[in-house]
Amino acid sequence: MDEFESTKLSKVQFSTSVLSTPSNEGNNLIHRFKNSFKRNDSPAIQEGLLYSELSEEEKIQWDLANQPYKKVLDQRHLTMIAIGGTLGTGLFIGLGESLASGPASLLIGFLLVGASMLCVVQCGAELSCQYPVSGSYALHASRFIDPSVGFSIGINYLLMWLISYPSELVGCSLTISYWAPSVNPAAWVAIAFVLSMLLNLFGARGFAESEFYMSIFKIVALFIFIIIGIVLIAGGGPDSTGYIGTKYWHDPGSFAVPVFKNLCNTFVSAAYSFSGTEMVVLTSTEARSVSSVSRAAKGTFWRIIIFYIVTVIIIGCLVPYNDPRLISGSSSEDITASPFVIALSNTGAMGTRVSHFMNAVILIAVFSVCNSCVYASSRLIQGLATAGQLPKICAYMDRNGRPLVGMAICGAFGLLGFLVVSKNQGTVFTWLFALCSISFFTTWFCICFCQVRFRMAMKAQGRSKDDIIYRSTLGIYGGIFGCILNVLLVIGEIYVSAAPVGSPSSAANFFEYCMSIPIMIAVYIGHRIYRRDWRHWYIKRMDIDLDSGHSLEDFEATKLERDEDKKYVSSKPLYYRIYRFFC
């Protein structure tokens with residue numbers, strides 16, 4: 001973008017930012033409620049003068065930077081979304097299948113994926129603080145790599161959330177059926193569906209408040225388990241047989257054979273457990289302060305250490321990897337396969353007392369994922385549509401900042417949850433998930449690579465690092481390391497899919513885990529054919545747009561806030577500066 005175009009866009013940003021969105025007319029409660037669903041027209045469209053002078057690409061960038069979301073999310077919301085978003089069935093139940101590969105394999109797998117996740121969140125926070133747009137991952141890829149890459153990543157990531165929604169609704173139903181097996185499971189699907197949609201109809205505040213309290217419940221439950229686990233390892237407990245320590249690391253051992261293949265087998269389970277951590281970056285458009293996003297991202301290190309690594313070590317000490325109950329669960333929500341329940345049941349009566357509590361924890365965890373699916377998918381749909389990558393109708397926003405069309409599309413996918421009454425629902429969801437099986441790794445790679453490209457473009461165009469609102473603690477090297485690590489994780493997953501542990505190779509098994517790769521390639525090629533662009537395979541560093549994508553006034557205010565915070569932290573004692581470095 002040349003100097004004239006940059007100045008023109010800045011004028012539009014400044015002149016339109018002072019205009020306010022039209023308020024709901026009338027004082028009648030019913031009238032206000034009805035009006036809240038009307039389209040939230042952009043201030044630029046109302047003024048129309050300078051906006052009409054922009055090119056189509058500039059209009060898209062302006063619309064992305066000025067989306068009419070309500071900035072209602074506080075620091076406490078973002079922190080709990082970042083923590084609670086990852087505490088789901090992947091941790092409470094899925095950990096069991098990974099433990100069957102051996103406690104050392106489980107620990108190494110979680111350390112590798114955790115290191116990748118740390119890089120991803122830091123890179124994502126840097127980009128989202130700089131360019132706070134809805135559907136940020138896909139749109140950042142379109143800005144820093146190539147529009148076709150961005151479209152492919154965006155569709156794949158969106159599919160992951162849309163397909164997860166009905167699956168988690170089924171999970172809610174199966175979990176509740178533990179207490180009421182005689183009730184038609186479709187009834188529980190309907191209740192979970194209505195509740196999750198209603199919470200999101202209250203906007204970002206409704207989603208965030210519900211996530212806040214559900215996350216507190218999950219965190220308390222996990223802390224209780226950690227404390228009980230430490231006591232049991234030390235030889236305490238009502239029916240203790242003495243000190244356990246690392247007994248099961250020696251017999252039956254630390255690694256299941258074959259070692260490397262079992263290690264690779266833990267990657268997808270670990271990724272599924274960590275998935276959702278990056279969602280805190282999606283909230284940047286609705287956060288009261290950009291600094292809240294950066295603070296939440298910084299805390300990722302401690303969340304990984306406390307909630308995953310410590311838990312994995314305790315589970316590995318309390319449950320032998322050859323326990324048949326680890327892989328005997330009838331579904332991904334079967335608490336009998338939960339290593340938490342197995343660990344406590346190994347002590348005698350405690351296991352029967354805790355099963356109902358653990359089922360409640362799993363129910364909260366599964367419903368929390370349902371809630372997140374509606375929130376994340378609707379924002380992704382709205383962002384992609386605003387960027388011109390989906391039909392314009394999908395960009396519809398009402399006056400309360402709710403992407404109603406995006407929510408409706410997610411709700412339509414949610415109706416697949418009623419397949420719970422079908423005998424073939426397991427097969428259906430297995431192949432639906434195959435559509436986005438390892439999209440975790442491809443999305444995470446893309447986030448890290450975008451940050452690397454952003455830093456390279458800043459250097460190539462002679463920009464100062466002071467212009468970066470929030471700099472990743474790991475710098476560009478964290479992005480490079482994250483890229484390499486995610487490529488290795490994908491290679492490991494392809495290997496174990498082609499030659500699975502304990503069963504012969506088959507095309508069905510391979511595509512169950514790797515179908516997303518050819519689908520992403522097909523979407524990429526299809527978008528490139530649609531664009532009819534075969535000359536430019538990537539955006540050159542000098543051509544990357546570093547200026548648009550944020551409101552000028554908000555950008556300057558955020559820089560001022562950042563500088564004041566730096567001065568405040570530098571005036572504090574050493575212990576506080578260390579604390580703020582990590583948190």
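Numbers run from 1 along the shown chain.
Heads up, the Cβ atoms here are built off N, Cα and C, so glycines get one too.
For the topological domain 'Cytoplasmic' (1-77), the mean pLDDT of the prediction comes to 59. Taken from Swiss-Prot, the feature topological domain 'Cytoplasmic' applies to 1-77 (among others).
Taken from Swiss-Prot, the feature phosphoserine applies to S6 (among others), supported by similarity to another entry.
According to Swiss-Prot, the feature phosphothreonine maps to T21, an assignment based on a large-scale study or a structure entry.
Summarising the annotation, Swiss-Prot assigns phosphoserine to S23 (among others).
Look at Swiss-Prot and you will find 78-96 (among others) tagged as transmembrane segment, backed by sequence analysis.
Annotated topological domain 'Extracellular' per Swiss-Prot: 97-101 (among others), in sequence order. Within its own chain, the topological domain 'Extracellular' (97-101) has Cβ neighbours under 8 Å at 109, 255-256, 262-263, 265-266, 269-270, 315-316, 319, 321-322, 326-327, 337, 339, 501, counting only residues six or more beyond its boundaries.
According to Swiss-Prot, the transmembrane segment annotation covers 102-123 (among others), on the basis of sequence analysis.
Taken from Swiss-Prot, the feature topological domain 'Cytoplasmic' covers 124-143 (among others), and the record attributes it to sequence analysis. Listed by sequence, the residues of this chain that lie at least six past the ends of the topological domain 'Cytoplasmic' (124-143) yet keep a Cβ under 8 A from its Cβ atoms are 64-65, 67, 69, 149-151, 153-155, 157-158, 278, 280-282, 284-285, 287, 290, 293-294, 296-297, 379-384, 386-387, 389, 403, 443, 446-447, 450-451, 454, 468-472, 539, 544-545, 549-550, 558.
Panel annotation: around the transmembrane segment (144-164), residues 135, 137-138, 369, 372-373, 376-377, 380-381, 384, 389, 409-410, 413, 429, 432-433, 435-436, 439-440, 442-443, 446, 449-450, 453-454, 457, 516, 519-521, 523-524, 527-528, 531, 533, 536-539, 544 of the same chain, lying at least six beyond its termini, place a Cβ under 8 Å from a Cβ of the stretch. Per Swiss-Prot, transmembrane segment is recorded for 144-164 (among others), and the stated evidence type is sequence analysis.
As annotated by Swiss-Prot, topological domain 'Extracellular' applies to 165-182 (among others), with the evidence given as sequence analysis.
Sequence annotations record features per position, and here Swiss-Prot assigns transmembrane segment to 183-203 (among others). Tertiary proximity for the transmembrane segment (183-203) is limited to same-chain residues at least six positions away from its ends with a CB under 8 Å from its CB atoms, namely 70, 72, 169-170, 172-174, 176-177, 210, 367, 370-371, 373-375, 378, 400-402, 407, 411, 414-415, 417-418, 420-421.
Under the heading topological domain 'Cytoplasmic', Swiss-Prot lists 204-215 (among others). Across the range of the topological domain 'Cytoplasmic' (204-215), the DSSP-based residue counts are 12 helix, 0 strand, 0 coil.
Outside the transmembrane segment (216-236) by six or more residues, the chain places 80, 83-84, 87, 242-245, 307, 310-311, 314-315, 317-318, 340, 343-344, 347, 357, 361, 364-365, 368 with a CB less than 8 A from a CB of the stretch. Residues or ranges marked as transmembrane segment by Swiss-Prot on the basis of sequence analysis: 216-236 (among others).
Look at Swiss-Prot and you will find 237-254 (among others) tagged as topological domain 'Extracellular'.
Summarising the annotation, Swiss-Prot assigns transmembrane segment to 255-274 (among others) and lists sequence analysis as the type of evidence. Here the transmembrane segment (255-274) has long-range neighbours at 86, 88, 90-91, 94-95, 97-98, 100-102, 104-106, 108-110, 112-114, 117, 304, 308, 321-322, 437-438, 440-441, 489, 492-493, 495-496, 499, 501, 513, meaning same-chain residues at least 6 beyond its ends whose C-beta is under 8 angstroms from one of its own.
Sequence annotations record features per position, and here Swiss-Prot assigns topological domain 'Cytoplasmic' to 275-298 (among others). In terms of DSSP secondary structure, the topological domain 'Cytoplasmic' (275-298) contains 19 helix, 1 strand, 4 coil.
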Interface check, the transmembrane segment (102-123) with the transmembrane segment (474-494), three or more C-beta pairs under 8 A:
yes
Counting Cβ pairs under 8 Å that are 6 or more apart in sequence, does the total for the transmembrane segment (357-377) and the transmembrane segment (299-319) reach three or more?
no
